[in-house]
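Colleague: Just passing along the structure, written as structure tokens.
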Amino acid sequence: MDYPPLKGAALAWVTLSLGLAVFMEVLDTTIANVAVPVIAGNLGAATTQGTWVITSFSVANAVSVPLTGFLAKRIGEVKLFTAAAAGFVIASWLCGIAPNLQSLVVFRILQGFIAGPLIPLSQSLLMASYPPAKRMLALALWAMTVVVAPVLGPILGGWISGNWHWGWIFFINIPIGIISAWITWKHLKHRETATVRTPTDYVGLTLMMVGIGALQMMLDRGKELDWFASGEIITLGITALVCLSYFIVWELGEKYPIVDLSLFKDRNFTVGAIATSLGFMVYMGTLTLLPLVLQTNLGYTSAWAGLAAAPVGILPVFLSPLIGRFGNKIDMRLLVTASFLTFAFTFYWRTDFYADMDIGNVIWPQFWQGVGVAMFFLPLTTITLSHMKGGQIAAAGSLSNFLRVLMGGVGVSVVSTLWERREALHHTRFAEHITPYSATLHETAAHLSQQGISDGQTLGIINNTITQQGFIIGSNEIFLAGSILFIVLIPIVWLAKPPFHSGGGGH
């Protein structure tokens, strides 16, 4: 069913409400990360147990996102979005009052599952509310919230956990979610999408939930359990491989599939989804690595690490609306190419990190990386959805967002593991030069002994210095690899075929 575009104040309010929901959901994926030690300690649990606060949300969210297209057809996009925003409020309140870790994990599972439809439906409803000529501007405003929220998450999480009860990490969602749900329902309840009652593909649903759940669990817990040295990780990996392989075969032959894999027959959707997922994998991996380097090796507090990383969100706030307004005059592939080149340049800029560098070495690459971020989400989303019509937008949005989030998790897991293993390699190589016959060792020991430091303490200081250097060199190598990967990704984007327009129709 087609509706005329919204105008004036109604369009502004809907844009605000949909943007708030996206901001709330994306913020919640990162805000708890820095607060895990505080939450675990307050609830009488070990920090390693506290990581389930993050894992539970990501697993439930990963399972839920691909269901969006299926649920939207049965319930209606407006009802589903409003219910998800309202449900997120309730789940956030429950998380904030959780009396123990077990309850918090259960409520985070609920919160993650409910949050699944918010991002893909915000795309679909936003595009249906704007006239075709202005849909790129709508996507630009949407992309701006996706960029800023994960940057603010660690800063807010660290500040709240350091100054208030950790429950406020979740309570801040309550007014945002209420406003979003109320405004959306008020302005869009008469613009509900058509619903279709089709048989439920229970086999596909079960295979997808088990397969994706096992895969996300493997990614979240792999580093902690030393990957495939652990029987649990092997079991999760085999479960994910078998279930997802069978899921793909089953869905391709199913008349009423849970996930419409036929979307991959569209060239632009496939190219856009692949480029977005792989680019986001590299981006998220390094975005997570930077605060770790700053806190564990360069002596930054969590608050200062968050502030040092924050400049990446400055330029997108100003550039995204401009790209949305004038981007339809430029080939989307050129914008993505410029984005990937900017990422490659700023990543290479970081390959000379050293132990006593000042904060400017961190801030300036982050600041200019914002140019790449501004030209990343909007053009790639436009390419991905360029041939989608009406109800296909929600299904395509949910599938592409699922792949993006999944590959972002892969990036975080791979980068954190590589970082530790590169440190171990460099530590071993440096330690080989510390022998009883080493002139450097004797000079260092003599210098430290003059300051009243014992031989045992001297060896400890040297070991810590080697560890610090190993981690810094490891991070420099990862940034270099990220720079190369972004260059390699550029040809993929040029496989997309113009014309590019932001979705093919309304509802």
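Glycine is treated like the rest: Cβ placed from N, Cα and C.
What you see is a predicted model, and the numbers here were worked out from it, not measured in a lab.
In case it's useful when we look at the structure, here is the feature table from Swiss-Prot:
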TRANSMEM  8-28  transmembrane segment
TRANSMEM  52-72  transmembrane segment
TRANSMEM  78-98  transmembrane segment
TRANSMEM  109-129  transmembrane segment
TRANSMEM  136-156  transmembrane segment
TRANSMEM  164-184  transmembrane segment
TRANSMEM  199-219  transmembrane segment
TRANSMEM  233-253  transmembrane segment
TRANSMEM  303-323  transmembrane segment
TRANSMEM  363-383  transmembrane segment
TRANSMEM  399-419  transmembrane segment
TRANSMEM  478-498  transmembrane segment
Colleague: Tell me whether the transmembrane segment (109-129) sits in contact with the transmembrane segment (303-323), defined here as at least 3 Cβ pairs under 8 Å among residues 6 or more apart in sequence.
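Modeller: Judged by the Cβ rule, the two regions do not touch, with the required three close pairs absent.
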Colleague: Spell out yes or no: are there three or more C-beta pairs under 8 angstroms between the transmembrane segment (199-219) and the transmembrane segment (303-323), with each pair 6 or more apart in sequence?
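Modeller: Since fewer than 3 Cβ pairs under 8 Å link them, the transmembrane segment (199-219) and the transmembrane segment (303-323) do not come into contact.
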Colleague: Against the transmembrane segment (164-184), which of these stretches has the most C-beta pairs under 8 Å: 8-28, 233-253, 303-323, 478-498?
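Modeller: Ranking 8-28, 233-253, 303-323, 478-498 by Cβ pairs under 8 Å to the transmembrane segment (164-184) puts 8-28 first.
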Colleague: Please give the sequence-distant neighbours of the transmembrane segment (52-72): residues at least 6 beyond its ends with Cβ less than 8 Å from one of its Cβ atoms.
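Modeller: Contacts with the transmembrane segment (52-72): 28-29, 32-33, 36, 39-40, 80, 101, 104-106, 108-117, 119-121, 124, 193, 205, 208-209, 212-213, 215-217, 220-221, 258-260, 391, 394-399, 401-402, 405-406, 409.
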Colleague: Let me spell it out: take the transmembrane segment (78-98), skip the flanking residues so only those 6+ beyond its ends count, and list any with a Cβ under 8 Å from a Cβ in it.
Modeller: 18, 21, 24-25, 28, 43, 68, 71-72, 104, 107-108, 110-111, 114-118, 121-122, 125, 167-171, 173-174, 177-178, 180-181, 184-185, 188-189, 191-193
Colleague: What else in the chain is close to the transmembrane segment (478-498), if you only count residues 6 or more beyond its ends and a Cβ gap under 8 Å?
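Modeller: The answer is 267-268, 271-272, 274-275, 278-279, 282, 285-286, 289, 331-333, 336-337, 340-341, 343-345, 347-348, 350-351, 353, 380, 383, 386, 415, 418-419, 422.
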Colleague: Sort out for me which stretch, of 8-28, 303-323, 363-383, has the most Cβ pairs below 8 angstroms to the transmembrane segment (136-156).
Modeller: 303-323
Colleague: Mind checking which residues of the chain, 6+ beyond the ends of the transmembrane segment (8-28), have their Cβ under 8 Å from one of its Cβ atoms?
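Modeller: That would be 57, 81, 84-85, 88, 92, 111, 115, 118-119, 122, 125-126, 129-130, 138, 141-142, 144-146, 148-150, 152-153, 156, 170, 173, 176-177, 179-184, 186-188.
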